[in-house]
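Colleague: The structure under discussion is supplied below as structure tokens; questions concerning it will follow.
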Amino acid sequence: LSSSSPMTNRGRSADPISSSNSDSTDMPEFEPFGVPGPRGFPPMTEFLDISSVDMMKGPDESNKKQHRTAMFNSDYLIVRRGQEFQVRISFNRPYKPATDTFAVEFVIGSSPQYSKGTYIPVFPTKERQSSWEGRVVDAADLTVTMGVTPAANCIVGKYHMYVAVKTPFGIRRTRWDKSQDLYVLFNPWGPDDAVFLDDESERQECVMTEMGIIYHGSYDDIAERNWNYGQFNYGVLDACLYIMDRSDMPITNRGDPMKVTRKASAMLNSRDDDGVLVGNWSGDYTYGVAPTSWTGSTDILLTYASSKMPVSFAQCWVYAAVFNTFLRCLGIPSRVVTNFFSAHDNDGNLKTDIILDESGRIDRVRTRDTIWNYHCWNECYMSRPDLPTGFGGWQVVDATPQETSDGMYRCGPASVQAIKHGHICFPFDAAFVFAEVNSDVVFYTRSKDGSLEPVKVNRTHVGRMVLTKTPGDVTRRDITDQYKFPEGSTEERTVLEKAEQYGCGRDKSDLPEADVDLVLPAMEISVGDDFELSLEFVNRSGERRTVDAYINGSVVYYTGVTSSEFLFSNPTVTIEPNKSEKGLVEVKSKRYMKSLVEQANLHFIATGKVKETGQIVTAMKVVTLHNPKLTVAVSNGGKVNEEMTATVEFTNPFTFSLEGVYIRMEGPGIMLPMSKYYSLIPGNSSLTWTEYFIPQRAGSSRLMASLDCPALRQVYGTAPVTIGDRSL
């Protein structure tokens, strides 16, 4: 063998490992028990023969209703494991249980084996059973209705089904018929399933709901992004199975939610494995779709499955949203969560280091760690048999490529309970997530000889708030208390000490509190506004204080990375004893507009040195600029399969033209993704786009639209839609 030959399984296992659900082996129509005589086998007319098989797969039939899969836009039978479904088999004569022997066979992957759970025969009699339970529910005339219960831990994916009949000469079976294929999913309603979630409102939200709200902005000025997960749309389930095929994940691992979610957290990003999405935080999206432009997951997943190439482009909420679709589609309860002020430190400690020069001004070259204004990840629900009791339930998984885990860009599943209690050695990646919500921000002064002296520690800035959508509602739910104990509580101290024992270094500096406070107030500003930044210096001492202050205003990406500085001011402020002094800094829009990046964030850091004591005072404020909105309107009186209209209106509020504008629109169960391109929208002019659509499902839904162009990102609009049943 030459050194460049590809790795194989030769000599290690007799068969190649089956790692593709789309590869399959046809089972023979006749398997003889022995060698035929000189005249071949006798005619088999007297033996039982199969004339037809009915999968009972209509959306109104009992299988899809009981298994809660009727919303899937699919012609195939889709069931959940650990729960019985029925098939109707018609024979050429009445079935006689005493003498006739038949089995329903299920096969998945390219080398089916009974011992691997990839070939499962299901028998109708109590005396003979396999891992999937079988029973005759009803037998009338030529038809037998068979009940089949897939094992609660069986492989999740697409199975071929055959009916086999035993004759004295051999086994004869139905020819493979594509229409009899069967999808088996995880079952959060099944008490024996590893993803069992005993809360119906959570199951409805985290498995069955297609409409999502993803939070962004800053913790004191929260913005919402509507998203169509579209897990029931045509082709999405096949795309999710293709992702696992593409990752070469052995078929036999696909019944374990831990292995499925860990593999998927690597496959959702394109780093190191040609996964689904290409990350791009640069602001230049010429050769793809801007992350802010997407309105749902359907386009992304279907494009990946058809082109077999990573889709451009994504940032954290796009990774989290598409991962959410994958998880909900396969039946693993999941939700997107947002952590405001999420630490991403580069050296694995519990410190985010901000370095100041001797005069108190921030040293941008040497400050390497970043704090993301917000970061989105997923939580999925499962038992954790590999951990001590009590650490099952919600697990963090994160597909945004930040750091490698076991050599690949992936993160999780990490138990939320383990993160809260400081068990950061538990697999997988608990320490990384713990640091994202618990880091201290440490300010250092760097002297001329290069030594660093800690001058201030902020223990409450990072992990300020963790939010997710409320089940069954469009409000937000604060779940910070599931990640950490209240700031300053004895439990919090114990947890941080425990994390240190496991090797997570913290800053121990017990610095005296400065007797001057610096306060920056919350502000709501729209893109293009001039405004005044107000600073308040509060002197809590009985003596006069003088502060040499540095106020720095930068345009930052939401990842905390600075794009450019647009403001620098260094006033000296004198504050009388026990008094406060206000200062105003004027900010002109022309200073920041030319350097704005998407997710228009302005980041102000004020630092100062108290002359009398040498103490450092600091304050940080992220100002999220508010964008104009789209107006979305829908015609009244909508009914299933009857045409409706949706209208999107937008007025360019600026004096300059917007170029290269894309508008996208979609809605769960009512409209597949649509888009329109405008090469130019002149300043102060308006556009109207009207589109026809035919809703497929009754009930309440929402139409979501986005407008995106290089000069203006994140312009959204939504409209609620109620669809009635078709008039009879």
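First residue shown is number 1, and so on along the chain.
Backbone N, Cα and C define each Cβ position, glycine as well.
Checked TrEMBL, it gives:
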COMPBIAS  1-11  compositional bias 'Polar residues'
COMPBIAS  14-38  compositional bias 'Low complexity'
DOMAIN    308-401  domain 'Transglutaminase-like'
BINDING   Asn438, Asp440, Glu487, Glu492  Ca(2+) binding site
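Looking at the shown structure, can you explain where the listed features end up?
Modeller: Under DSSP, residues within the domain 'Transglutaminase-like' (308-401) fall into helix, strand and coil as 15 helix, 40 strand, 39 coil.
Counting every protein chain shown, the Cβ of Glu487 (Ca(2+) binding site) has 11 other Cβ atoms within 10 Å.
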Colleague: Hey, what's the Cβ neighbour count for Asp440 (Ca(2+) binding site) at 10 Å?
Modeller: 21
Colleague: When you tally the Cβ atoms that lie within 10 Å of each candidate's Cβ, which of the binding-site residues (Asn438, Glu492) has the highest tally?
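Modeller: Of the binding-site residues Asn438, Glu492, the highest Cβ count within 10 Å belongs to Asn438.
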